[in-house]
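A short write-up of the structure that comes next.
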Amino acid sequence: MTQGEEGGRGAAKPQDQGWAWMVLLAAVVLQGLTLGFPCCIGVFFTDLQHEFQASNSQTSWFPSIMVAVLHGGGPLCSILVKRFGCRFAVMLGGLLSGLGMVSSSFCKSISQLYLTAGLITGLGSCFSFQAGVTVLGYYFVRWRTLANAMASTGVSLGFTLWPLLSQYLLDEMGWRNTFLIFGGILLNCCVCGAIMRPIQLASESLPQSAKAEGEPGSRAEEAHLSNGTTPQHPTLQQHTRRTKCFHTLQKYLAFDIFCQNKGYQIYTIGVSWMMMGFALPHVYLVPYAIHNGVEERKAALLISVIGFINIFIRPLTGLLSGHRIFTGRRIYLFSLAVLLCGLSNFICVISAEFSVLILYCIILSVAMSGVGALTFQVLMDVVEMDRFSSALGLFTILESITLLIGPPLTGLLVDITSDFHYVFYNSSFFLISAALFMGLSFCALEKKNKLREVSKAHLNNPSRYQYSETSTEPKVESQSSLAVEYITSI
């Protein structure tokens, strides 16, 4: 059953008030439990290495798989939400996350952790987080932008609290018992899901994706197929299946947009390349600090500093980027934030003193806030709103692939050289090159489109082009009614 069908059984509830704010609170907690959780894995890095006699590369596969599945499972989560509704997806995600971490406490090898904590917990976190974001589109209309901004503060809270809790529990009872407790904590996603009651909406306030579900044409086609009236000839059946498969891929993975829209093409390649280095500090900062003599409790505090500053800077960055002066220019602000992330890594190369690492965390957190606040806003600028969901599907899958392979490749380099500085060299290389690629490419594309605009004006056929054949200026009306079927956050 779809979310809209599920909502038909629930009592009608007003939007933007009453129970909607309880749902928002649940979404804040969900984002802290899911997106914030992977940041604490670095605290266990050294202990897991000693326990399983694993190399840096082998150990880093565990958080890499978790983060990659969390980001790349969006299309699967979207299908689950359409079939069973947001509440079911969130609660199923909570069960999987809890089961994954409880199973991890009994693992006898690092490869078993890849399956339990990496795949199962990552997939559960994906379901809970992305379905939790989707449900906000049903409960909020007028205050939808504010609700999503407030929900994202849960990520920063998770970044702040998870490392501190992890280090305390690790000191008191070891990593196995800590993972067991984490399993119980992640089961609270089920509680958050229970709060997200189905809601019956007026047709005009339904998000566009939910409206599409209820279109008579699609229903008639489904009924036609289910009634057995499909032609029985094997060739026609195969053709029907291929056509259905093609339309499904077209819906969730926008290959046509990637081929036709230069702005989307540049941005997707740039962000995917950026992700090769973006996650490296989160995985290796704590082991790097411990390796250089920093006390374990202080090392765990470094990640918390990043999260704490994010709580305040990310909303401010979002407000700043929303100013009309940045309309159509947010890609340059995004590239600047990525460039600052890359340059900040050289601070760690200069010194590993705790005070220097604190300075690094402050600068990195400010830059990360810009990246996190602008990632999806820039995507909205370069893709038409009615194709945003499908464009986001391909975007997150490519992003998850580079998130998966980045840390293990860097870990292999550290194993070969026995030098942790290569973590930050690698991160800087990918971030700086991605920032320059996106900034310069969009600048060149903008100039090309302006020349095309001038030439068309001479032919008395003026058109407006920015970045690509699609308008880059966001439409307030479209955004207010947009329901993103699967969303990731950085």
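Backbone N, Cα and C define each Cβ position, glycine as well.
Summarising the annotation, TrEMBL assigns domain 'Major facilitator superfamily (MFS) profile' to 20-451.
Under the heading transmembrane segment, TrEMBL lists 21-45 (among others).
Here TrEMBL flags 61-81 (among others) as transmembrane segment.
Annotation comment: TrEMBL describes 88-106 (among others) as transmembrane segment. Counting same-chain residues at least six beyond the ends of the transmembrane segment (88-106), those with a Cβ under 8 angstroms from any Cβ of the stretch are 30, 33-34, 77, 80-81, 112-113, 116-117, 119-132, 135, 176-177, 179-180, 182-184, 186-194, 196.
The transmembrane segment annotation in TrEMBL covers 112-139 (among others).
Long-range contacts of the transmembrane segment (146-165) within the same chain, counting only residues at least 6 positions beyond its ends with a Cβ under 8 Å from a Cβ of the stretch, are 20, 24, 27-37, 39-40, 42-43, 132-133, 136, 139-140, 286, 300-304, 306-308, 310-311, 314-315, 318, 372, 489. Look at TrEMBL and you will find 146-165 (among others) tagged as transmembrane segment.
The transmembrane segment annotation in TrEMBL covers 177-196 (among others). Distant neighbours of the transmembrane segment (177-196): 22-23, 25-27, 29-30, 33-34, 37, 44, 86-91, 93-95, 97-105, 117, 121, 124-125, 128, 131-132, 135, 166, 169-170; these residues of the same chain sit at least 6 beyond its ends, with a Cβ under 8 Å from one of its Cβ atoms.
Feature annotation from TrEMBL assigns region 'Disordered' to 210-239.
What TrEMBL records for 212-224 is compositional bias 'Basic and acidic residues'.
Look at TrEMBL and you will find 229-238 tagged as compositional bias 'Low complexity'.
Counting only same-chain residues 6+ beyond the ends of the transmembrane segment (266-287), those with a CB under 8 A from a CB of the stretch are 38-39, 41-43, 45-46, 56, 60, 63-64, 67, 163, 258, 299-300, 302-303, 331, 338, 341-342, 345, 348, 357, 361, 364, 371, 375, 378-379, 382, 394-395, 398-399, 401-403, 405-407, 409-411, 414, 420, 423-424, 426-431, 433-435, 437-438, 441-442, 445, 490. The transmembrane segment annotation in TrEMBL covers 266-287 (among others).
Sequence-distant contacts of the transmembrane segment (299-319), counting only residues of its own chain at least 6 positions beyond either end whose CB sits under 8 Å from a CB of the stretch, comprise 36, 39-40, 42-43, 149, 152-153, 155-164, 166-167, 282, 285-286, 289-290, 357-358, 361-362, 364-366, 368-370, 372-374, 377. What TrEMBL records for 299-319 (among others) is transmembrane segment.
Per TrEMBL, the feature transmembrane segment maps to 331-351 (among others).
TrEMBL lists 357-379 (among others) with the feature transmembrane segment. For the transmembrane segment (357-379), the list of distant contacts is 152, 155, 264, 267, 271, 278, 281, 285, 289, 294, 302-303, 305-307, 309-310, 313-318, 321, 330-331, 333-334, 336-338, 340-341, 344-345, 347-348, 388, 391-392, 395, 474, 484, 487, 489-490: same-chain residues at least six beyond its ends, Cβ to Cβ under 8 Å.
Sequence annotations record features per position, and here TrEMBL assigns transmembrane segment to 391-410 (among others).
Annotation source TrEMBL lists transmembrane segment at 422-445 (among others).
When pLDDT values are averaged over the domain 'Major facilitator superfamily (MFS) profile' (20-451), the model yields 83. Take the transmembrane segment (331-351) and the stretches 21-45, 112-139, 391-410, 422-445: counting Cβ pairs under 8 Å, 422-445 has the most.
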